[in-house]
Amino acid sequence: MSSNGKPNPQPPAAAAATNGDGAGGAPKMYQRPIYRPQGPAKGRRGGGGRSSCRFSCCCCFFWALLVVLLLALVAAVAGGAFYLLYRPHRPAFTLSVARVNKLSLSSSATAPALTDSIDFTLTAKNPNKKLVYLYDDFTVTAATAANAVPLGEATVPGFAHEANNITVIKATVSAAALGVDPTAASSDIKKSGTFAITLDLETKAGVKVGGLRTKKIGIQVHCDGIKVSAPAPAPAKKGVKLTTAKAPAKSPAVVEAPAPSTAAADDATTSPPAATTVARVCQVRIRVKIWKWTF
């Protein structure tokens, strides 16, 4: 009680407890807390998504790398087994003969025209014991070595190059009134003496092993260091006398001279162009074409 004789009021909590304890007191009231909505934890959810994405990318990269390595391993094992079983070797090409039958270059200073004919003889050897090479048609081109002045082209039919077989390839590269660069042609093509040329054969080749055939790929046979000379012009006839007093007149085109002596015959007869024995080993290159570029 207070000093003035009035009872002190009880605290609300104590009054509620007293009322709750009493039998006839009012029931205890429950006050629901005020709901305050909270936004999602954007930082944590976003971080978890990025982590999951990074993990998925790492897994994909790992499995892709593993597949590539396994394929490379299988290819290496198969290639090693194939090499040990068959011992493959590249075909060998050797240029044996080069002969210029005709060579004519017009004297035009601005647009000279080249007319020529060159015979080539090559020897192709397949050193393999079990592999057969299958060649498509060959495209044969020749050019001067210094400035690559074109000398013409030819085509050689393809063939099947059997194992342990030697095949002779003959081609005549020719050109008729072919326009060439005047400066390069006058520098490279010599009507007297020798000059260097190159020879290229391009084709597609595949390999046959028993009943299995591989896909054909492009190859190039390149021969360089070839020295050729232009055919010598027909010399003027010397030491030949025609007796026309007692014989009927004949046209100069069909006049036949008496048989001269040995010395006179050497001067009067035009010898055929001498063949140049080259014996050059040619290089065999693999030609890979990617879109517009050929390597």
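One-based numbering along the chain as shown.
Cβ coordinates are placed from backbone N, Cα and C, and glycine is handled just like the others.
Just so you know, TrEMBL annotations are computer predictions that nobody has curated.
If you look up TrEMBL, you'll see 1-20 marked as compositional bias 'Low complexity'.
Confidence in the domain 'Late embryogenesis abundant protein LEA-2 subgroup' (121-223), given as mean pLDDT, stands at 93. Residues or ranges marked as domain 'Late embryogenesis abundant protein LEA-2 subgroup' in TrEMBL: 121-223.
Under the heading region 'Disordered', TrEMBL lists 1-23 (among others).
What TrEMBL records for 251-270 (among others) is region 'Disordered'.
Positions annotated as transmembrane segment by TrEMBL: 61-86.
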Chain residues outside the transmembrane segment (61-86) and at least six past its termini with a C-beta under 8 angstroms from it:
128-131, 209
Secondary structure content of the domain 'Late embryogenesis abundant protein LEA-2 subgroup' (121-223), with strand meaning DSSP E or B:
7 helix, 66 strand, 30 coil
